[in-house]
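These come from Swiss-Prot:
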SIGNAL    1-23  signal peptide
ACT_SITE  GLU123  active site, proton donor
ACT_SITE  GLU265  active site, nucleophile
REGION    350-375  region 'Disordered'
COMPBIAS  356-370  compositional bias 'Pro residues'
DISULFID  CYS378-CYS439  disulfide bond
Amino acid sequence: MPLLILLMLLAAGAAGAESATPSLHIGVNYGANADNLPSPTSVATFLATKTTIDRVKLFDANPTFISAFAGTPISLAVSLPNSALPALADKATGLDAARSWIRANLSPYVPATNVTLLLAGNEILLSTDTNLILSLLPAMRRLAQALKAEGLTGVRVTTPHYLGILAPSDGIPSNASFRAGYNTKLFPAMLQFHRDTGSPFMVNPYPYFSYRPETLNYALFRPNSGIYDPATKLNYTSMLDAQMDAIYTAMKKLGYGDVDIAVGEAGWPTQAEPGQIGVGVQEARDFNEGMIRVCSSGKGTPLMPNRTFETYLFSLFDENQKPGPIAERHFGLFNPDFTPVYDLGLLRDGASVAPTPSPNPSPNPSPKPAPSGGGKWCVAKDGANGTDLQNNINYACGFVDCKPIQSGGACFSPNSLQAHASYVMNAYYQANGHTDLACDFKGTGIVTSSDPSYGGCKYVS
């Protein structure tokens, strides 16, 4: 361990011993789709010595980021891209492929870096690619076998799910169930995998993407009349509580109420489109304070009282190069100089709020967006084959943020392959230098000078 980090950790520990304020276990998502962030090493030192954040979730397996946390007490969750899963699921070669990936991406850094979770893709079930969906659980099994074979028994395997895995319902938790098909063909076996391996079932609940002006207080943990569940005789005054208990109910109906639930990401932006109601610093603080209270304080939810949940706030920093609506770039908890965007009580007692950041910019784990596309956009060609468009979505979402096309997102409606593919193809095109090649997508994309934005759905350019 570098001497400077060791001394800072010892000093931080001494300061913490004098504090009467208990530290809550909380994690954070660390994305770096920005050009103004401090180096991963300075980020790791800051989190380990100045904050109560004790775990970090990465969206890839960038070695610079993984090695930056060596010698710190921070637990790390590392992600594989969606595109890697089919090869890992292969019955004949999947285990060898999984072991090769682990040898290349984890073994050189563990145990110096405390990697505790390996995430098999992200929100795979958002896809309609049957092959990708069928690859998910076999790939998770191969990864678990490979980790054991490589001696990395402290690393657990899971995958983050979006809330669309639940069947449409009236929002009352006791009525929740998994979607038809998934509730019989996928989740019983997946939940058994989690039970057998001791890994959590990870979900990404996002009240931000589900609220309406009339439900804002319900989403932000503010006083409201709530929603009454007649089956359990419980009154819900928090949307997050209801979402978590809906997941729990669906799991319990399959006989797996004992499996741990983890929150892969959830947060609230501080800026959004002009005129959007319910977005700002106070709203972000209210939501994140409420989520920490529910997930990390031991309060739990109405159906899961006194429980804690492994939770990762979204996100560590604003990301000024993320495509999509304004809000996508403004979920950050800290500024690039490490000062808080707002106070969540995450700084250790006595910690300076303005340590000097590294002058070196963070390496970008995602393709770096080029300057403005100069009024050009990439969209799906009229008449493009639906299978091709879905493949385009699956591919592009491995590189760009696809939350806007998820249920509740600014670009979800119209819910069509043509619209969703156009949005993510354009995001990929802009992030890769807006060259004609970046819009080709095997002949299904076309460059246009007509802005395809509509309503609240803004196409980056």
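Backbone N, Cα and C define each Cβ position, glycine as well.
Predicted, not measured: the structure shown is a model, and the values here were computed from it.
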For the residue listed as 'active site, nucleophile': DSSP state (helix, strand, coil): strand
Spatial neighbours, same chain, of the residue listed as 'active site, nucleophile' - Cβ under 8 Å, 6+ residues apart: ASN29, LYS57, PRO160, ASN204, TYR206, TYR312, LEU313, PHE314, SER315
Site of maximum Cβ density within 10 Å, from disulfide-bonded residues CYS378, CYS439: CYS378
Rounded distance in angstrom between the Cα atoms of CYS378 (disulfide bond) and GLU123 (active site, proton donor): 24
Euclidean distance between Cα atoms of CYS439 (disulfide bond) and GLU123 (active site, proton donor), Å: 24
Mapped DSSP class for CYS378 (disulfide bond), helix or strand or coil: strand
Cβ neighbours of the residue listed as 'active site, proton donor' where a neighbour is any other Cβ within 10 Å: 22
